[in-house]
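S.K.: I grabbed these lines from Swiss-Prot:
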| type | residues | note |
| --- | --- | --- |
| SIGNAL | 1-19 | signal peptide |
| DOMAIN | 198-394 | domain 'Peptidase M12B' |
| CARBOHYD | 217 | N-linked glycosylation site |
| DISULFID | 309-389 | disulfide bond |
| BINDING | 334, 338, 344 | Zn(2+) binding site |
| DISULFID | 351-356 | disulfide bond |
| BINDING | 404, 407, 411, 414, 417 | Ca(2+) 2 binding site |
| DISULFID | 418-424 | disulfide bond |
| DISULFID | 428-451 | disulfide bond |
| DISULFID | 442-448 | disulfide bond |
| DISULFID | 447-473 | disulfide bond |
| DISULFID | 460-480 | disulfide bond |
| DISULFID | 467-499 | disulfide bond |
| DISULFID | 511-561 | disulfide bond |
| DISULFID | 526-572 | disulfide bond |
| DISULFID | 556-598 | disulfide bond |
| DISULFID | 592-603 | disulfide bond |
């Protein structure tokens, strides 16, 4: 028998305030509410500190509302760790018990489009979407009171300043293959392939400035990070990605990589530190630096594009630029989106009536959704680059809680969980038992269609260039066969290039991708600068030192382009070295002379190399 326990007595007063200073900033037009918690527990059951599911009744705009919350069991991995440093520099790592945490996702009753991301640690703090509008809620700091302030995000006073920007300068329109892909809708086949979740095991590093900003209090920093990741996890559910926090590192005794006003230098230094240090002691897929520094210009974040799983470049940096955790979480979602192959949205990209996550500028309008372009770019990235690290599911923390069939969470003993039989949209799953139907051959994969292997000979990976080979399903597997391509060194593009790992790299295409149309390969004289061995010209790096090119290798160092676009006249244009150093160099495999191609900063013979 289930009894309903009224934990507190409803005392909702429709009090309207005109202005108040809250944790989220200066707020105009807020409402004071007293939420009532209603818990359904089996008779005689001991109430845990933080239940797996809760509901609250409150009034918003004078209308009753029921907020349903469910603990975010995807928030932490079982091997979650926290690291900080003693005043004498000693590394201190702990493995706290995080099963009984207080971070929830939820929805509003009778509002199918509603969402919520809430911390219930000390009252209710977070945001929820009601009838298409974002509301923030936080407890008022009144002694012996359950009073909370509820207010629309639009009523938070905005700073009178220039728009906040992402530091990535590459625009969506410059990528022709992705531009074409964005003109498509998300097909049923793509949806089937995306349906199985990917898993990003995330480490967040809070720099020394964050430690100082939050009163040198480790608990305050942790709480802020947990709130951000809870929202980040909610945002990425729309891309079928689960973000699990596997580690939090706080640089309490000083920064371990260079954190400067230059976002480019900060990102590069952080990536080097991750590769050299963090990866050796903590298994993870992606690391984000959360910093209190105010980067030069309007930049609030930066990341490398399409480098998830890379030891150095699977990183991002995010400025802690707002007292509203939603806005910082959106910025982190944006930068991680770059790691996952997403570019800034162009004019034709849309996510309904909202500003989209991958907009280059952080809008004063709320943004929690990815655009149609982002969906297609993510699909293209997964299918082309197949980043293996995000396929493994993190160790789960919910081993204490018994599985509940129908809650849309895949738990111990379940093969699938698509919700109630009435709401289940996943035909492979028997919603009544949370087991796969007996006739199911596969659940996911490019060669899986309606839970069956696709017919042998069905193309599953189109060739991306004349150097590539199209692959077809075997009829015996859900996976597309290993990507194969024509032999390296084979002439391509009318002898302007040579095949290299399935592509035909030529300098013109690289210049076009970096700078747009009307930009071409520079004259040979520009490449002579690569003999200098400085920021403007070199062939490779050895232990951080820029090595000058030998005369015969000058076209295998820094890339020089001739920019004839309107308003420009730069015959020897180079890509800024502080933005993304591997983009400033001539790509491996590029033709550097007749019968020769570039490799590791040298121009070598095709015949002998292959």
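One is the number of the first residue shown, and numbering goes on along the chain from there.
Each Cβ is built from the backbone N, Cα and C atoms, and glycine gets one as well.
Quantities reported herein were computed from a predicted structural model and do not represent experimental measurements.
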S.K.: Between the disulfide-bonded residues 356, 389, 428, which lies closest to residue 404 (Ca(2+) 2 binding site), Cα to Cα?
M.R.: 428
S.K.: Let me know the model's mean pLDDT on the domain 'Peptidase M12B' (198-394).
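M.R.: On average, pLDDT over the domain 'Peptidase M12B' (198-394) sits at 90.
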S.K.: Quick one: of 309, 414, 442, 460, 561, 592, which recorded positions lie within 10 angstroms of residue 428 (disulfide bond), measuring between C-alpha atoms? Sequence order, please.
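M.R.: Within 10 Å Cα-Cα: 442.
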S.K.: For the Zn(2+) site given as 334, 338, 344, which other residues of the same chain have their Cβ within 8 Å of the site's Cβ centre?
M.R.: 166, 168, 303, 335, 337, 342, 343, 357, 358, 360
S.K.: Please work out the number of neighbouring Cβ atoms within 10 Å of the Cβ of residue 338 (Zn(2+) binding site), leaving out its own Cβ.
M.R.: 24
S.K.: Work through the disulfide-bonded residues one by one (448, 451, 561) and name whichever has its CA nearest to the CA of residue 473 (disulfide bond).
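M.R.: Going through 448, 451, 561 one by one, the Cα closest to that of residue 473 (disulfide bond) is 448.
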S.K.: I'd like to know which of the disulfide-bonded residues 351, 418, 448, 572 has the most other Cβ atoms within 10 Å of its Cβ.
M.R.: 448
S.K.: Measure from the Cα of residue 351 (disulfide bond) to the Cα of every one of the binding-site residues 334, 338, 407, then give the nearest.
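M.R.: Checking each of 334, 338, 407 against residue 351 (disulfide bond), the shortest Cα distance is to 334.
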S.K.: Please report the Cα separation of residue 448 (disulfide bond) and residue 480 (disulfide bond) in Å, rounded to an integer.
M.R.: 9
S.K.: At the level of the C-alpha atoms, what whole-angstrom distance separates residue 309 (disulfide bond) and residue 338 (Zn(2+) binding site)?
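M.R.: The separation of the Cα atoms works out to 13 Å.
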